[in-house]
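Chemist: Pasting a structure here, questions to come.
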């Protein structure tokens, strides 16, 4: 039937050879409404960059309401601030103080992981949370330094600049990297390009995070064993070589203290995981361990000097660091590269954590707003002696379990850090480095997700392979290259899906007009004279030749099967195009060429249910006209019914 007709035919049921007549209505396949090129471009841009239609809430509103909605959109704190009360404040104060007890020791620990002065970790737990509380859309995200971004920054910068021999330059590069991370993150949000981070697939992140966790854990052997001279490399082989080559530096006092507190921290973590109501045990244990270990070192300082400690930490607010940003020189490219990579990782972690807890409380986290909030807080942080920060899963989990209601919990946490910076810094003088190593170890062990990796193995072997590439790349090559390898494998997977799309043969489920894959439904049966194929992807220049060759191969194989079984001659190939969401000029040419080659073999090509834009392009390219009256149908059932009826009327077998 043509796309402009609509008629009813009588036909013999395709499921049997009886003469039973059934009435099947043959529907027309309509062209989409005509649109100008500008209308099409506008819709396409809207679908790509504005899938959430952010301007919808402003329609049919007064100017006053639009201004209010605009402020709420830019500053989410205005959305819930007017309804804030003492009951909410009580919950936020409790949760804020709880996460502060975790953020203070973690901030010091993660700064050392990034090869930065410990005080920078505390600075980074003060300014960024305040900015996020105003700009962020998550109620439960607890902001501060995180292990993965700290590790990546430390490993990338230390490859070119020594954090000990050239500490000032290293610090400048750290702040500059943070600035570029923020610029990159905010730009993604402003330009609504957040889909770019989707190239970091779940499998990639599982493998990368696990590999980074192993590297971080091995790096902590320096602190746990009391080693003074240690490699600056991050790969597993040089790290383990350094551990055993410096056995003479191992300190039994440090080892005993480290194992003791590590056991306590792991035990409290296990208790809180088994009984979430006891979350406060694992939340308070790092700070309690810092206090107890500091007292122990202070009391035994005159008897042993084997246990190293932090030493002097300056009191006071974050000093300005705008003058330390490094915008010219030999290391600028390194700062930009480090900023982009740490920016991607921290952004991915922050958004994932925010959405996780938002789903538990049934509210929405706006991805683009989060990108801008995280980006702006890192840009501001780089000017106030902070390094890359984002939402931490461990702190956010504690924040959620502690009953946080709004982002005010971040303000409370920052206030607690402020008090620490102003008055309590001398108390950390004797804090042993081994306790910082134990805290980091406890935090990163949970990043190795065995169950997620096993699920990848069960569900998708290629995803599991991607996960392994990321994991071993981080372990044996380097952290950034390991990530790059995993992203490359993910891109190859995408290319394979695009260039080698799936096609399947359909058959009829007896007693119905339903056609489904012969490979999935055993009861489905072939229709004599027809080869029914479904294409399950767009048809582009990258796969058009492959699809053409694959369909011709299907036809050859079907004809060979018919000859072997003395079956009914193959007359028609039906292509179900329901899943073909788009087609380009190469795809159109491939369809036209396929029709021509099939005609030479006395085979008819029929298209079924091409969707809007595909239908429009088929019409404009004259392919529908070339297919003729019986070359286009709405459903496979209608195509089989109409063609079978026509053959029967013409006396064809």
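Using the three backbone atoms N, Cα and C, a Cβ is placed for every residue, glycine included.
According to Swiss-Prot, the protein has these features:
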type     : residues : note
TOPO_DOM : 1-92     : topological domain 'Cytoplasmic'
TRANSMEM : 93-113   : transmembrane segment
TRANSMEM : 116-136  : transmembrane segment
TOPO_DOM : 137-140  : topological domain 'Cytoplasmic'
TRANSMEM : 141-161  : transmembrane segment
TOPO_DOM : 162-167  : topological domain 'Extracellular'
TRANSMEM : 168-188  : transmembrane segment
TOPO_DOM : 189-194  : topological domain 'Cytoplasmic'
TRANSMEM : 195-215  : transmembrane segment
TOPO_DOM : 216-247  : topological domain 'Extracellular'
TRANSMEM : 248-268  : transmembrane segment
TOPO_DOM : 269-279  : topological domain 'Cytoplasmic'
TRANSMEM : 280-300  : transmembrane segment
TOPO_DOM : 301-331  : topological domain 'Extracellular'
TRANSMEM : 332-352  : transmembrane segment
TOPO_DOM : 353-370  : topological domain 'Cytoplasmic'
TRANSMEM : 371-391  : transmembrane segment
TOPO_DOM : 392-407  : topological domain 'Extracellular'
TRANSMEM : 408-428  : transmembrane segment
TOPO_DOM : 429-433  : topological domain 'Cytoplasmic'
TRANSMEM : 434-454  : transmembrane segment
TOPO_DOM : 455-471  : topological domain 'Extracellular'
TRANSMEM : 472-492  : transmembrane segment
TOPO_DOM : 493-653  : topological domain 'Cytoplasmic'
DOMAIN   : 520-643  : domain 'STAS'
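Any idea what these are sitting next to in the structure?
Modeler: Outside the transmembrane segment (93-113) by six or more residues, the chain places 119-122, 124-125, 142, 144-147, 150-151, 154, 216, 219, 280, 283-284, 286-287, 289-290, 310, 387, 392, 394-395, 398-399, 402-404, 408-413, 415-417, 420, 428, 431, 433, 435-437, 439-440, 443 with a CB less than 8 A from a CB of the stretch.
Here the transmembrane segment (116-136) has long-range neighbours at 74-77, 103-104, 106-110, 142-145, 154, 163, 170-171, 174, 310, 313-314, 317-318, 354, 369-370, 372-374, 376-378, 380-381, 384-387, 389, 407-408, 410-411, 413-414, 417-418, 420-421, 425, 428, 436, meaning same-chain residues at least 6 beyond its ends whose C-beta is under 8 angstroms from one of its own.
Here the topological domain 'Cytoplasmic' (137-140) has long-range neighbours at 76, 80, 354, 357-358, 361, 363-366, 369-370, 373, 391, 396, 399-400, 404-407, 409, meaning same-chain residues at least 6 beyond its ends whose C-beta is under 8 angstroms from one of its own.
Counting only same-chain residues 6+ beyond the ends of the transmembrane segment (141-161), those with a CB under 8 A from a CB of the stretch are 99, 103, 106-107, 110-111, 113-116, 121, 124-125, 128-129, 132, 169-170, 173-174, 177, 208-209, 212-213, 215-216, 219, 232, 234, 331, 334, 337-338, 341-342, 345-346, 349-350, 353-354, 357, 377, 387-392, 395-396, 398-399, 407, 409-410, 413, 440, 443-444, 447, 478-480.
Helix, strand and coil content of the topological domain 'Extracellular' (162-167), in residues and according to DSSP, is 1 helix, 0 strand, 5 coil.
For the topological domain 'Cytoplasmic' (189-194), same-chain residues at least 6 beyond its ends with a Cβ under 8 Å from one of its own Cβ atoms are 49-50, 351, 367-373, 375.
Long-range contacts of the topological domain 'Extracellular' (216-247) within the same chain: residues 113, 147, 151, 155, 158, 162, 253-255, 258-259, 262, 306-308, 433-434, 436-438, 440-441, 444-445, 475-479, each at least 6 residues beyond the stretch ends and with a Cβ under 8 Å from a Cβ of the stretch.
If you look at the transmembrane segment (248-268), the same-chain residues 6 or more away from its ends with a CB under 8 A from one of its CBs are 223-229, 281-282, 285-286, 289, 292-293, 296, 304, 306-308, 432, 434-435, 437-439, 441-442, 445.
Residue counts for the topological domain 'Cytoplasmic' (269-279) under DSSP, helix first, then strand, then coil, are 10 helix, 0 strand, 1 coil.
Outside the transmembrane segment (280-300) by six or more residues, the chain places 98-99, 101-102, 104-106, 257, 261, 264-265, 268-269, 271-273, 307, 309, 398, 402, 427-428, 430-432, 434-435, 438-439, 442 with a CB less than 8 A from a CB of the stretch.
Among residues of the same chain six or more beyond the topological domain 'Extracellular' (301-331), those with a C-beta under 8 A of the stretch's C-beta atoms are 108, 118-119, 122-123, 126-127, 160-161, 169, 171-173, 175-176, 179, 226, 228, 251-254, 257, 294, 382-386, 418, 421-423, 425-426, 428-434, 436.
When Cβ-Cβ distances below 8 Å are used as the criterion, the topological domain 'Cytoplasmic' (353-370) is approached by residues 52, 54, 73, 76, 135-141, 188-189, 192, 194, 347, 391-393, 396-397, 400 of the same chain, each at least six residues removed from its ends.
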Chemist: I'd like the per-state residue tally for the topological domain 'Extracellular' (216-247) from DSSP, helix first, then strand, then coil.
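Modeler: Split by secondary structure, the topological domain 'Extracellular' (216-247) comes out as 20 helix, 0 strand, 12 coil.
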Chemist: Compare 195-215, 332-352, 408-428, 434-454, 472-492 by their Cβ pairs under 8 Å to the transmembrane segment (168-188) and return the stretch that comes out on top.
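Modeler: If we count Cβ pairs closer than 8 Å to the transmembrane segment (168-188), 332-352 scores highest.
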Chemist: Per DSSP, what is the residue tally for the topological domain 'Extracellular' (455-471) in helix, strand and coil?
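Modeler: Its residues fall into 16 helix, 0 strand, 1 coil.
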Chemist: Hey, would you say the transmembrane segment (472-492) packs against the transmembrane segment (195-215), going by three or more CB pairs under 8 A that are 6+ residues apart?
Modeler: yes
Chemist: Any contact between the transmembrane segment (195-215) and the transmembrane segment (371-391)? By contact I mean 3+ C-beta pairs closer than 8 Å, pairs at least 6 apart along the chain.
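Modeler: The answer is no, given that the two segments have fewer than 3 Cβ pairs within the 8 Å cut-off.
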Chemist: Six or more residues out from either end of the topological domain 'Cytoplasmic' (269-279), which same-chain residues have a Cβ under 8 Å from its Cβ atoms?
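Modeler: Non-local partners: 285, 397-398, 401-402, 442, 446.
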